[in-house]
Amino acid sequence: MGARASVLSAGELDKWEKIRLRPGGKKQYRLKHIVWASRELERFAVDPGLLETSEGCRQILGQLQPSLQTGSEELRSLYNTVATLYCVHQKIEVKDTKEALEKIEEEQNKSKKKAQQAAADTGNSSQVSQNYPIVQNLQGQMVHQAISPRTLNAWVKVVEEKAFSPEVIPMFSALSEGATPQDLNTMLNTVGGHQAAMQMLKETINEEAAEWDRLHPVHAGPIAPGQMREPRGSDIAGTTSTLQEQIGWMTNNPPIPVGEIYKRWIILGLNKIVRMYSPTSILDIRQGPKEPFRDYVDRFYKTLRAEQASQEVKNWMTETLLVQNANPDCKTILKALGPAATLEEMMTACQGVGGPGHKARVLAEAMSQVTNSATIMMQRGNFRNQRKTVKCFNCGKEGHIAKNCRAPRKKGCWKCGKEGHQMKDCTERQANFLREDLAFPQGKARKFSSEQTRANSPIRRERQVWRRDNNSLSEAGADRQGTVSFSFPQITLWQRPLVTIKIGGQLKEALLDTGADDTVLEEMNLPGRWKPKMIGGIGGFIKVRQYDQIPIEICGHKAIGTVLVGPTPVNIIGRNLLTQIGCTLNFPISPIETVPVKLKPGMDGPKVKQWPLTEEKIKALVEICTEMEKEGKISKIGPENPYNTPVFAIKKKDSTKWRKLVDFRELNKRTQDFWEVQLGIPHPAGLKKKKSVTVLDVGDAYFSVPLHEDFRKYTAFTIPSINNETPGTRYQYNVLPQGWKGSPAIFQSSMTTILEPFRKQNPDLVIYQYMDDLYVGSDLEIGQHRTKIEELRQHLLRWGFTTPDKKHQKEPPFLWMGYELHPDKWTVQPIVLPEKDSWTVNDIQKLVGKLNWASQIYAGIKVRQLCKLLRGTKALTEVIPLTEEAELELAENREILKEPVHGVYYDPSKDLIAEIQKQGQGQWTYQIYQEPFKNLKTGKYARTRGAHTNDVKQLTEAVQKIATESIVIWGKTPKFKLPIQKETWETWWTEYWQATWIPEWEFVNTPPLVKLWYQLEKEPIIGAETFYVDGAANRETKLGKAGYVTNKGRQKVVSLTDTTNQKTELQAIYLALQDSGLEVNIVTDSQYALGIIQAQPDRSESELVSQIIEQLIKKEKVYLAWVPAHKGIGGNEQVDKLVSAGIRKVLFLDGIDKAQEEHEKYHSNWRAMASDFNLPPVVAKEIVASCDKCQLKGEAMHGQVDCSPGIWQLDCTHLEGKVILVAVHVASGYIEAEVIPAETGQETAYFLLKLAGRWPVTTIHTDNGSNFTSATVKAACWWAGIKQEFGIPYNPQSQGVVESMNKELKKIIGQVRDQAEHLKTAVQMAVFIHNFKRKGGIGGYSAGERIVDIIATDIQTKELQKQITKIQNFRVYYRDSRDPLWKGPAKLLWKGEGAVVIQDNSDIKVVPRRKAKIIRDYGKQMAGDDCVAGRQDED
């Protein structure tokens, strides 16, 4: 700054500071303008040192002048500043900038005349080029000065800053003044990184060079001696000419200005680039309805500079288009200004115009003094004179408008002072600039209700408060319920804190400013002596008079201090006086936000009567409630509240003290559901080892969080009086009640919000929060750690959460969440198993709970036998004798718990390892560790999914449980050590379709090993006897039969009672296994039985399946096959007749074997077979299911995916960081997919509606993603009549079709990705390939053909179905060829032209049309030949 100050001497600086920026304006030049100018010059690659002399200033003006026409506002300001500075150096008296410019113009005109005169005098004697950088050296030769790095640097900066916006062109023009083509190429090379732009430029240059060559053909013959060749286009572009040649051409007589020509070409190219980078035509620049005029002008000129047009055209555009494209409000004003208005005048006139609402007001304000008629007013001269008196909406002073006001912005409406709307929307007529009626009465304390406080407050609110005394402000906190009542004036900061002050006998309005050191008032006379002073503020420096010891009264408080008087935009009371009157800034923390709670829809609050209580309980409750009422936790209520919940009292465990309990069961049933914020409890094995640890407990946790106001009435309860002496006392809760279902979730979320700022400020602290237990760990020294803990306690206290010392644990071992934490290990708090002679259900439940808790660290704990005792519904107090196994299990557990066991803490740098052992009877135990014998945690697994299972399956489930648990605790999966050989696993995995993925694992030889007890053969066993088995049962009587027929003619049938179809099928298999040799082939038609046995269970809850397993283990080889219905398969048809006798009536359909043949050939889908061969869908489906080509993974355990024609599965998948929404038509595999901008409900719903508009969608099946569960998607489904189903969370199989299509789609995208620039293109290409270019699957179709086929078939089937149902309403009476009697009535199955197909009892017959009478079934029986029915022909 010192260096810049040297530009002017002291005397010159005084002159400088007297010159006004504009004629009649208040602002004058300041030192800062010189500083700004010197910085700006550096950007233009001009030496700021030139500012120090008048000669330097003249050079700068000469450099800037050519760019003025096309330059920006900044360039113009720079020119004006340098011109004024030149006048100061030259000691030319000027009052303002305009005068300075006029003086410069005069001087330039004079010097021009002189130069012309001199040129005339000397003729063309001087050949010196005026073009810098070509200069004449002392020997008179023309030499080239290379373009300076400074110029190049300025050029690079311009391009980097402005990219290719219109400003680039004037800057290029200015920087390349007089340059040779070589210099210009240097400039272009420095910005060569912008390849696309440079390519466009190159093309323009090539076109121009070709055009030059066309217009300047080469002269024939040799060049005369001493003459230069003429430049070609490529010479001008500097590619085929040397620097010497370029200088020669430029300085020749007559010259060929190759530099200027080349520059012109480059500017043409730049214009094209600019148009591409900011492709707006000047005609498109229109002022928006609410756009400030100044912004519009900036846009207009920016685009104007990019236009390729002559200066005359540009001037015309400015004159006409600028006004023409302004918005209606500005246009009215501009037209009133008349045609010759300057831009400056236009901008002044249009200030503050912001949309239609302002029009009348701005005009009225700007012309408030005009009393002439409207027509006179609109004349330009009148308007000009009136324009000066504008008044500011913000501070109410005249001479400037709100946009330029330096006073802080007033909150609320500028017209009426009220909040909630802006001035343009104000309905009041009269603007009230001085705002006597401020939005709150002065000097009075203003009370907030808690809602009001919350309605307009961020978390912290700033208030200015005076104390009556000058004590510290420790007590000045708001009470927690939110009502604030101070005994001193309180000013909120929703408005500017303006107050009335009394000084020197005058009343003034002043702003309380805690950021100002001094008190500054606008011009006024004060008694006493004063000192001159300069003070700095946001708007620069101002000169003031300093008066000391001035008495001043602020809102009734007297103070004496220093007051500064000067040109301040607003009166300011600074800290020097505010501290005297005890004014402080307070930040009362806003009360905890209440979470809105509702009852379930259509329900009312609980109305449960209070049951009688003993005297001592009533006394205890009265005492507790009085105390709670004092603390504001509950409030008394009147009889208007109709709700009630019973209350009672119990003694606390450890004392004689009573505890109040409210039975909120009824209210809980009626309260809305909450999302549990924490899904599980934190586990110590997941804690990292910390140097310092503290455990805190929040006292009265729930009672520190307010309950939603509208919900409080439902928590009403009554304390009865003894002997009903008086009506009971009624209360309701103001805080979260214990025992109410919403308390945990609301407390957790409030606590998280409160701890968040503390967590952010202290990232080095680890804070685990579960309900009211806090674990805080850090690697700080204990002293620093404890300081942090105190900060945390203070932070919680500010929100009203106490952390009682009694439960504040500073030294290990720490008791936390039922665990004991030591510095380098952890365990569960000591567990004592009770010794009892008799055990009740409740005792056993508690015992199992304790053992489950201990199993986290004590390996080998079992509870299966104890749990078996609890099966069935029993009363809690029922005594249960322990079985021998349970006694044994309990004794083993006692042994395990005798030795205390410890776990260690997690080390993120080491791998996790999980080891599993089999304990027998379906129980497993596991340990997770990082170093051998140092367990992080242990556990057990004994869950049986499904009735029949085997060890491999259970092991897989255990692995998945442990993997999930590890992800929750440590965020990663461990490596597994499993007691199963790789071969066994591989066998199982390849054979069993439902085997799921398990993480990385290795075999560990810990007996007992897991093995498969038997294996089923893949091919029929040659030479072994084949048993066709079947069973049938009657649903009503529950009687059944099971049996078999063998290929050797053996057969057996047994009768069963109280059975089902499924049981009889299994019974038949059991019979076959019992009666067969060591090798056997078994053929069944039961999918159910096949499904159970193929999964190779080794134990089952079903006695029958267990017996089958025993038999299977005894066999050497077993082949089990499934066939669909029994027609045409000899053994099966026979056995079916055997077992069906008297059990079921099956109509065998001829079509089955034909359908099977057809399916083997073409693999047609079940729908096609059902319609072609008239099969029931279940049979057709089973044919497909038994085909190994169509069914890669066997039948699904829980039935197949639903393949109805209207079902689609939707899912989002991610690729390259983008979201692809995929919809798959389940039955055909046809895909619709799209890249969507975001995974939101809005986008999903839009996609869904598009899908429904293209295809018949009846059901969509999605996962539980938030976009699919959103209200928008539900609404779209409702509107389009689509049923929405959700998958099973965390079970990818429930979304199997779309998941596999995602993989397929990604695979195809991978194949075509390099053919497309954008992912969205690649996605559509992949969809096309998948739908139409990949054939295969059912029917050998492509997915596109298949969906059309399925939908068409579906329509036809429905039509056919309608006809069939119609046909079935008819009965047929027919004659046999040899028998003259009419037979019937038979059922009509099909009616053709010449014959009908009928079903009489179980026979299907074809009868010629002429021998059949078809009638409607009116329920009448045939009486004889001439019966009425016989004559009702149906043709």
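Backbone N, Cα and C atoms are what each Cβ position is placed from, and that goes for glycine too.
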(request) Would you please say which range out of 84-101, 390-407, 696-713, 1308-1325 has the annotation zinc finger in Swiss-Prot? (result) 390-407
(request) From the ranges 576-588, 745-757, 758-770, pick the one that Swiss-Prot records as region 'Dimerization of protease'. (result) 576-588
(request) Match it up for me: which of 314-361, 1226-1273, 1370-1417 does Swiss-Prot list as DNA-binding region? (result) 1370-1417
(request) Give the range, chosen from 489-493, 609-613, 969-973, 1419-1423, that Swiss-Prot lists as region 'Dimerization of protease'. (result) 489-493
(message) Under 8 Å between C-beta atoms and at least six residues away from its ends: which parts of the chain pack against the region 'Interaction with human PPIA/CYPA and NUP153' (189-227)?
(response) 152, 155-156, 159, 164, 233-234, 236-237, 261-262, 265-266, 268-270, 272-273, 276-277
(request) Over the region 'Interaction with Gp41' (7-31), work out the mean pLDDT and round it to an integer. (result) 86
